[in-house]
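In TrEMBL this protein carries:
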- 102-219: domain 'Phospholipid/glycerol acyltransferase' (DOMAIN)
- 6-27: transmembrane segment (TRANSMEM)
- 39-61: transmembrane segment (TRANSMEM)
Amino acid sequence: MAVLAYLAKFLVYYTAVTIAFYMLSLVVPKAAFVARALAAYLCLLLAAGSGVFTSSAMRLLGCAHSAQWAVGRCFAFLMALATGIRFEIQDPHKVLGTVRPAVYIGNHQTELDVLMLGSMFPRHCSMTAKSSLKKTPVLGWFMTLSGAIFINRTKANDAREAMRRASTEMRDRQQSVYLFPEGTRSYSKEPELLPFKKGAFHLAVEGQVPIIPCVVANYSHVLWIKGLVFRSGTIPIRVMDPIPTTGLTTADVDELTRNTRELMLKELISLTEQARGKTSRLPATPHTNGAIKASGVDVKVAA
């Protein structure tokens, strides 16, 4: 009981401080950065805390594969109420609900990408995360119980073992996987992509499953940590057509990685200009079919 009492007091004081910073932001605009940061961490804590129990219950019911989806939607709802930030999903071909299993990939910008995942994460999908998060109280517990795949990037053997487990999940349980091929956050103010690591593409080729790029507009107009900017707003996400890997081998991974990155970069520039209310200078889809040769089979890279 004492622990619950301390927790209740903490939540009351934390909420009061957050509200105070929101009120201060009416006079000092930069205070909004602190207010939304505090609100975001509180929402994450509440969602992850509830996720521990949700994941445990769903595991007992045999549907743990949807735990991350359920808790993610809860987090997105809390964030919309507390910070006014929403991610708008543009999925014209209903890919998220119809293509499975697949390797989902997306551009990685800031810590706010956790909210992006919560907003668009499909059912029957597991996320990957750096192994250090496994030891994080509450969040690490939830991720472990919900089936997240932890990767130790400093140890090649551990990373390969994690990828093998992900491949087994895809094959045995028809479970998709979400990865950030940039490997780290870019924190870029403009629509840019860091070089892509090849793990996601090796995984897709090994499993002969499609790659589904999910491009998020650059949202530095909403969150720019260096400038202490944190505003409310709606950020678009474009779910691109699946890129098939049937017939591809490891020899095709370099070209597959390069072509996919080019497609995503064009989409990122176009989507960012749309989000900022500017006229797009680049087409959202390429004019070439981007065919990749593999064992005598032409596999088109979809836009």
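Glycine is no exception: its Cβ is also placed from the backbone N, Cα and C atoms.
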Model confidence over the domain 'Phospholipid/glycerol acyltransferase' (102-219) (mean pLDDT, whole number): 85
Counts of helix, strand and coil residues, the domain 'Phospholipid/glycerol acyltransferase' (102-219), according to DSSP: 47 helix, 23 strand, 48 coil
Long-range Cβ neighbours of the transmembrane segment (6-27) (under 8 Å; 6 or more residues past either end): 34-35, 38-39, 42
